[in-house]
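Taken straight from TrEMBL:
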DOMAIN    155-306  domain 'Palmitoyltransferase DHHC'
TRANSMEM  76-101  transmembrane segment
TRANSMEM  113-133  transmembrane segment
TRANSMEM  198-215  transmembrane segment
TRANSMEM  272-294  transmembrane segment
Amino acid sequence: MHSWRCYFSRLMRLSVRWVRLCPRQRQGRRPGPLRQLLSYGKVIFNSLYFNVLTNWDTVLDSIFEPVYWLVDNLTRWFGVVFVCLVIVLTTSVVLIVYLCVLPRIVRTYPTHWILWHLCYGHWNLVNIVFHYYKAITTSPGRSPQEKADIPTVTICKKCIVPKPARTHHCSICNTCVLKMDHHCPWLNNCVGHFNHRYFFSFCLYMTMGCIYCSISAKDMFIEAYYAIEYWAGTHSKNCHLLFSFMLLHKSYYQTPPPNFTSEEKMFHKSLLYLWVLTSSVAVALGSLTIWHAVLITRGETSVERHINRKERKRLKQIGKVFRNPYHHGRINNWKMLFGVEKTSQWITQVLLPSSHPPHGDGLTWGCPPYRQDAMDTI
Ligand SMILES: [Zn+2]
Ligand SMILES: [Zn+2]
């Protein structure tokens, strides 16, 4: 090792002496292979640690890069699982409604109520399926790679492409997304400019569908719950309560409960599953839908919510008021999202499945033509 170092340092001294002694000979010539190798090695070594933009954030980002990579890949993989889960759970609920709930409604309800259940239920189901399919298959909108005349705000450090206003980089999709709201694992897709409407409509119709199922199957769920308690033999302590309840629900228990068949037990379990699942989803997804409705009303995306909150705080400290440049008035924000201009379009394009695009191209964010009360409220 020692001799190698001596040899190397001697070689270096010789090469430096040669460089000093032969300036004329070097003129017009390319540097020698050793010199090239040295300068190349120096550049590589410097590139490992030297960067004018290096700060602690960059260093921490580099340290945690493997963790980010793992989380992004897991989220991408779980996205496929989540989409399958949504399809399987929704299908199971629809089957239970068709096999257990609707036959009871048809048998026991008056005609006008039967018609209402059939019309509303199917309208809601069609909207859920359509908006979910469109939300997962529609591209949220990517930052253009070629067009150079777009108004850009900054350059994406990862894609090395110009980023228009409201565009953000999604590390899971590994691309810049126009008017990015968030990456939704339940869609395995980003929610951006071109599928924001589908995402919101899906959330809304799914919540409405779950509320509808919970309310329609409430009585059947209570009966099924107590029936399960009975045949599971867990009723001993609550025997009086159970039988008094059964007497209250005469429509189902005219006489003391019989020994249930396996088909009836399956029926009860299915109703229990239906009600617990739809009620839980109604609460969780309903809260999310309300939150997104608030953001849309304010003209903000989920990403902008955090940015605007910081900016509002910063400007307040220096005595200025923050104004969101993408807030065009409450009603206009909704019109822009749903891409409607006339009142009749609320029925044909929002209440019924429609594939029309939202307002604008997602690159520029000027005032919409129907904007009347611009910047009236923040
Ligand atoms: Zn990017
Ligand atoms: Zn994404």
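Cβ from N, Cα, C; glycine included.
TrEMBL entries are annotated by machine, without manual review.
Count of Cβ pairs under 8 Å against the transmembrane segment (113-133): among 76-101, 198-215, 272-294, the largest is for 198-215. Regional average pLDDT for the domain 'Palmitoyltransferase DHHC' (155-306) in the model is 85.
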